[in-house]
Amino acid sequence: MQQTASVNMQDFGYVEQFLDAMWMERGLAENTLASYRNDLMKLLQWMEANHYRLDFISLSGLQQYQSYLVDQDYKQTSRARMLSAIRRLFQYLHREKVRADDPSALLVSPKLPQRLPKDISEEQVDALLDAPDPNDPVELRDKAMLELLYATGLRVTELVSLTMENISLRQGVVRVTGKGGKERLVPMGENAIDWIETFIKQGRPALLGETSSDVVFPSKRARQMTRQTFWHRIKFYAVIAGIDTDHLSPHVLRHAFATHLLNYGADLRVVQMLLGHSDLSTTQIYTHVATERLKQIHSQHHPRA
């Protein structure tokens, strides 16, 4: 079965209506919507080539598409993500009475290996946070951002989109709008507060110049920084700190925040609230990282290990 670049326009319309509904009802971020669109366009292209339509494709047809993805060597994680988009689409079509049934409900999800978040030690975190030169406005901004990330466990997308009204230095909290438009208040800690205050007074005016902006951490062009740019900045400082960048991810400080809290006995549900996880099982993966770290310390320092 071949895949072509064309799609049925009626099916395309259904997908666009679905994406609009996801944006309005669930407040999904642009990145998530773009991922849904990309995955669903692949489905529509395959359907067009194989004479299926959204309003009559059966469970068997969707299973054929799953087999096609396996034949095309898509990773398990990619196939699981695509299946998630497909299920949401067919749930929507069933709800809107485009279909009398939901064939996706019986699809079997690919089994995913449990992946532990990439972990760095407290010493490596200290080295990373000490890498920026606070005498330079750009690096002072980066220093404040890194301190805030480690203090709060924010997602990178949440960090770069912060506005001045989201931060209360007096109360010591940051108000974050996370996935699905859910708001949460996260304490910042004195160290992060001090560096943010220093940046706002000394570094931010130098970056903004004559430009007005509500963004807390503007780029050199006085715009909102992209998450890709900030990831490049993290890798830049990791090299300075002597940390192997192959062992880093954009959320390295979010992972360190969660793992180190658990290492020091924080309650799992408190960590869940701080991270903005809707499901406790998502947070529980960090307990495995914390346990592995404790085992490592035990084997290194116990005389009978």
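Cβ coordinates are placed from backbone N, Cα and C, and glycine is handled just like the others.
Residues or ranges marked as domain 'Core-binding (CB)' in Swiss-Prot: 9-94.
What Swiss-Prot records for 115-299 is domain 'Tyr recombinase'.
Marked as active site by Swiss-Prot: ARG155 (among others). A coil conformation is recorded for ARG155 (active site) in the three-state DSSP classification, outside any helix or strand.
Look at Swiss-Prot and you will find LYS179 (among others) tagged as active site. According to DSSP, LYS179 (active site) sits within a helical segment.
Here Swiss-Prot flags HIS251 (among others) as active site, drawing on sequence analysis. In the structure as shown, the Cβ atom of HIS251 (active site) sits within 10 Å of 20 other Cβ atoms.
Annotated active site per Swiss-Prot: ARG254 (among others), in sequence order, evidence recorded as sequence analysis. In the three-state DSSP reading, ARG254 (active site) counts as helix.
The active site annotation in Swiss-Prot covers HIS277 (among others) and is backed by sequence analysis.
Per Swiss-Prot, active site, O-(3'-phospho-DNA)-tyrosine intermediate is recorded for TYR286, and the stated evidence type is sequence analysis.
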Packing count at LYS179 (active site) (other Cβ atoms within 10 Å of its Cβ): 16
ARG155 (active site) CB neighbourhood, other CB atoms within 10 A: 20
Taken over the domain 'Core-binding (CB)' (9-94), the model's mean pLDDT: 91
